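Engineer: What TrEMBL records for this protein is below:
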- 1-18: signal peptide (SIGNAL)
- 47-67: transmembrane segment (TRANSMEM)
- 79-101: transmembrane segment (TRANSMEM)
- 138-156: transmembrane segment (TRANSMEM)
- 204-222: transmembrane segment (TRANSMEM)
- 276-297: transmembrane segment (TRANSMEM)
- 309-329: transmembrane segment (TRANSMEM)
- 341-359: transmembrane segment (TRANSMEM)
- 371-391: transmembrane segment (TRANSMEM)
- 403-422: transmembrane segment (TRANSMEM)
- 442-463: transmembrane segment (TRANSMEM)
Amino acid sequence: MFVTAYLAFVLLVALCVGLELTARRLASPQTAPTAVANPAFRRFQTLFLKAYLLALWADWLQGPYLYKLYRHYSFLESQIAILYVCGLASCVLFAPVAGWLPQVLGRRRTCLLFCLTYSACCFTKLSRDYFVLILGRVLGGLSTSLLTTAFEAWYVHHHIEVHDFPKEWIPSTFSKAADWNHVLAVGAGLVANLFAEWLGLGPVAPFLLAIPSLAACSWLVLSDWGLEEKEEGAQEDKNGPLLGPSSAPQIRMSARARFWRSCLEGLRCLLSDRRVLLLGGVQALFESVLYIFVFLWTPVLDPHGPPLGIIFSCLMAASMAGSTLFRLATSARYRLQPAHLLCLTVLLAFFSFFMLTFSTAPGQPRPRESLLAFLLLELACGLYFPTVSFLQGRVIPMERRAGVLAWFRLPLHLLACLGLLALHGEVSGTGGGESGSGTRHMFAGCAGMMLAALLAVVSLFTLGRNDADLRLEGTRGEGDI
């Protein structure tokens, strides 16, 4: 498995490079955004990305060795499952708070709060106390929620309100961040493997390595972003104070009112449009099994001695390849429809979990087949996220998207928690020992959930067969002449 991991990494990196070169060759020069030629926008974009990418880097460093660390501390699989459930539950509980905090505490302060809470989460990994580790998972859930909301809120506000750049330029920044995100994920596995295994510092090393990145991120937010805040303050002074000192309670009440109104409007949109409901069902089923996969890939492969950091890099490289394949498939040359790609993605994920039910049979493990199945699943993930993002942008109104996605995440995290609790109960039922049958049953359950997701995709495709909103521009539906 040691040789297999490195060979797979080399092949996947070569595949990613080849796909990227092909995608760039097929890209039309007219698709380049005009924002690239604007030096003021490029400076602002770089200002944001420096801090945001440091935050993402710190997050990815903690991925390869989390389960390994808990096993290093001699916890059972059932106990580790509870730790993961605590992290998922905190994501559910803190998701509304994360959307509300930037409006009350301030966007920049909320980003600083992320750096503080995530650093505290990393420090808890030094303790072998179970309850301290639970606290770390809760802090990690809060930090993850802040990462997905606070930085985007700061950027969008300054992009539109402070610099008055066109809204159409916003996707170019987050597209660049997504491209770098894949590169950071692959690199994080290599660096984590270097410190944890090659230098022999143990599985806690990547978590401690994330703390300097978070400190650098907070410094950029304090210094460089602080200049942006001064510019905004200068504009308010020039135009006159918008609100008096006594208006803080009204601001908090207004923020709460906007949050609840957003939730109610999102629920109304979800229930009134069947396309949105089906898309939410696909997202809940698909992404919930990804959380279960994140928990299970390490105990499946680790007993066979592979370098976990390299395996993590392989998984992230497979995801990068899937993302590039989406760009190729939807390019002007091929014009494959996102609804078809979503169907292919779910089928690929189902096949991966079907493979895993056989490769993880108790007493007859097949680690190479399991690794191949995990890579296919990550390839499906790389195709899934841009496909779902495209469809969401077409069927969910922009002003209601935050509220609708909040409702999507509720069953998503609930299903993931129930799956991990079921695994915890099955393992605990064996008398506290480890049971390979529990892992196999979980993969079989995930395959069943993928079948349910496939039915939802087919229903969505049938419902929107001639729906222009679900198709790429310039293509015809089956009923068109």
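Yeah, the Cβs are placed from backbone N, Cα and C, and that goes for glycine too.
Curation does not apply to TrEMBL; its annotations are automatic.
Walk me through the surroundings of each of these features.
Structural biologist: Within its own chain, the transmembrane segment (47-67) is flanked in space by residues 80, 111, 114-115, 118, 122, 140, 144, 147, 151, 154-155, 158, 173, 176-177, 180-181, 184-185, 188-189, 191-193, 196, 203-207, 209-211, 213-214, 216-217, 220-221, 224-225, 228, 294-295, 298-299, 302, 308-309, 311-312, 316, which lie at least six positions past its ends and keep a Cβ under 8 Å from the stretch.
Long-range contacts of the transmembrane segment (204-222) within its own chain (CB-CB distance under 8 A, at least 6 residues past either end) are made by residues 50-51, 54-55, 57-59, 61-62, 64-65, 69, 72, 108, 111-112, 115-116, 118-119, 122-123, 125-126, 188, 191-192, 195-196, 309.
Among residues of the same chain six or more beyond the transmembrane segment (309-329), those with a C-beta under 8 A of the stretch's C-beta atoms are 5-6, 8-9, 12-13, 15-16, 19-20, 22-23, 26, 60, 63-65, 178, 182-183, 185-194, 196-197, 206, 297, 301, 336, 341, 371, 374-376, 378-387.
Proximity of distant same-chain residues to the transmembrane segment (341-359), defined by a Cβ-Cβ separation under 8 Å and at least 6 residues beyond the stretch ends, is recorded for 282, 286, 289, 300, 326, 329-330, 365-367, 369-370, 372-374, 376-377, 379-380, 383-384, 387-388, 391, 440, 443-444, 446-447, 450-451, 453-454, 457-458, 460-461.
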Engineer: Out of 79-101, 138-156, 276-297, 371-391, 442-463, which stretch has the largest tally of CB pairs under 8 angstroms to the transmembrane segment (403-422)?
Structural biologist: 276-297
